Amino acid sequence: MKVKAPGRINIIGEHTDYNDGYVLPFAVNRYVFLSIEGSERFIFHSENVNETVEMEKIEKLNKWTDYISGVIASFEKRGYRVSPVKISVSSNLPIGAGLSSSAALEVATAYAISEYFGFNVPKLELVKIAREAEVEFVGVRCGIMDQFTAVFGKKDHAIFLDTMTLEYEYVPLKLEGYEINLVDSNVKHELSSSEYNRRRQECEEVLKTLEKKSFREVTKEDLERLSGTLRKRAQHVLEENERVLKSVQALKEGDFETLGKLLFSSHESLRDLYEVSCEETDFIVDYLRGKEGILGARMVGGGFGGGVIVLSKKGAFGKIKEELVESYRKRFGIDLIFHEIESSDGVQKI
């Protein structure tokens with residue numbers, strides 16, 4: 001049996017998903033492909049890594065197999081019996097560009113196991129199983145957006161998701177005359193995982209200081225009671241949530257000019273208040289600002305490298321792409337990687 005699960009790109013709502021905030025992602029047309037069959041022991045094969053790993057029972061190896069093993073462990077924790085299987089994976093999802101290849105692998109595994117063994121796990125439960133694999137087994141304290149999008153994605157739509165209640169709404173993504181590109185900065189600073197966890201701690205500090213249970217209870221007035229770093233972090237989360245709401249409205253009205261401006265202001269906030277951008281992604285966004293037909297751009301993902309999402313009029317980005325490549329190479333000695341992004345449905349059999 002074969003399945004595929006998509007990556008995702010988040011239009012706006014960065015570093016809000018673990019703060020009970022709003023996000024606006026869509027599933028993209030790049031996938032993790034996975035096949036599953038019965039076996040004497042657990043065998044996991046990755047075409048991309050060109051490696052096969054065998055094990056008698058599920059164990060943590062601190063490598064790519066943990067995403068698969070973690071999902072199996074999540075099923076077993078819930079009382080499902082997963083007998084040994086051979087799982088083979090391949091992917092055309094770029095790693096480290098902010099398209100969430102790990103969540104796609106987790107969701108592909110969860111869906112394949114549910115279908116293969118006839119568990120018929122509901123969609124939302126699949127999301128939770130996949131996320132639990134990353135948080136508890138792999139050990140990355142991610143929010144729920146990535147796994148949610150890989151399961152619930154719908155072609156030609158973005159998902160307006162409230163990460164606190166998990167209520168969601170499909171918002172039509174009518175891009176006629178416009179396009180979305182992803183520019184991969186081709187850098188990943190070592191800080192990324194340690195700083196990501198530090199931002200989470202800082203946000204928890206904010207709640208402790210304000211004696212609130214959730215960021216949803218935090219108001220603009222509360223910012224007055226904070227100072228320094230904590231104030232900056234809280235201000236980003238509050239304003240980014242507002243930007244998501246405005247972006248949903250703009251998408252519904254087909255107002256891409258407004259959406260573009262919101263992307264630029266999101267980047268400024270991630271740079272100045274949340275302090276997770278880096279010289280390379282700042283350079284890309286600054287370069288694009290004011291160029292003809294470019295409506296907006298911002299860093300995507302955890303930060304400290306990774307990708308930049310670009311919203312433009314159709315064809316406009318292609319005209320300045322070469323200049324951008326040259327300028328970036330001259331400045332950093334690194335080649336950019338480009339991905340034109342289209343929307344996709346969520347996980348499915350193939």
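Glycine is no exception: its Cβ is also placed from the backbone N, Cα and C atoms.
Pulled from Swiss-Prot:
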type     : residues                                                  : note
SITE     : ARG8                                                      : site 'Transition state stabilizer'
BINDING  : GLU14, HIS15, THR16, ASP17, TYR196                        : substrate binding site
BINDING  : SER46, GLY96, ALA97, GLY98, LEU99, SER100, SER101, SER102 : ATP binding site
BINDING  : SER102, GLU134                                            : Mg(2+) binding site
ACT_SITE : ASP146                                                    : active site, proton acceptor
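Here the features listed in Swiss-Prot are placed on the structure.
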residue	record	Cβ neighbours (10 Å)
ARG8	site 'Transition state stabilizer'	32
THR16	substrate binding site	25
ASP17	substrate binding site	21
SER46	ATP binding site	19
GLY98	ATP binding site	25
LEU99	ATP binding site	27
SER100	ATP binding site	27
SER101	ATP binding site	25
SER102	ATP binding site	23
TYR196	substrate binding site	19
Among GLU14, GLU134, ASP146, the one of these recorded positions whose Cβ has the fewest neighbouring Cβ atoms within 10 Å: GLU134
Candidate nearest TYR196 (substrate binding site) in space, where candidates are the binding-site residues ALA97, GLY98, LEU99, SER101, SER102 and distance is Cα-Cα: GLY98
Nearest of the recorded positions (ARG8, GLU14, THR16, ASP17) to GLY96 (ATP binding site) - Cα to Cα: ARG8
Candidate nearest SER101 (ATP binding site) in space, where candidates are the recorded positions ARG8, GLU14, HIS15, THR16 and distance is Cα-Cα: ARG8
Assigned element (helix, strand, coil) containing ASP17 (substrate binding site), judged by DSSP: helix
Helix, strand or coil at SER46 (ATP binding site) [DSSP, three-state]: strand
Cβ neighbours within the same chain of ALA97 (ATP binding site) - under 8 Å, at least six residues apart: LEU182, ASP184, GLY301, GLY306, GLY307, ILE337, HIS339
Protein Cβ atoms within 10 Å of HIS15 (substrate binding site), excluding its own: 24
Minimum Cα separation from THR16 (substrate binding site), reported as the residue among binding-site residues SER46, SER100, SER102, GLU134 that achieves it: SER100
Length of the line joining the Cα atoms of LEU99 (ATP binding site) and ASP17 (substrate binding site), in Å: 15
Sorted by sequence, non-GLU14, HIS15, THR16, ASP17, TYR196 residues with Cβ within 8 Å of centre, substrate: GLY13, TYR18, ASN19, GLY21, GLY143, ARG199, GLU240, GLY302
GLY96 (ATP binding site): tally of other CB atoms within 10 A of its CB: 16
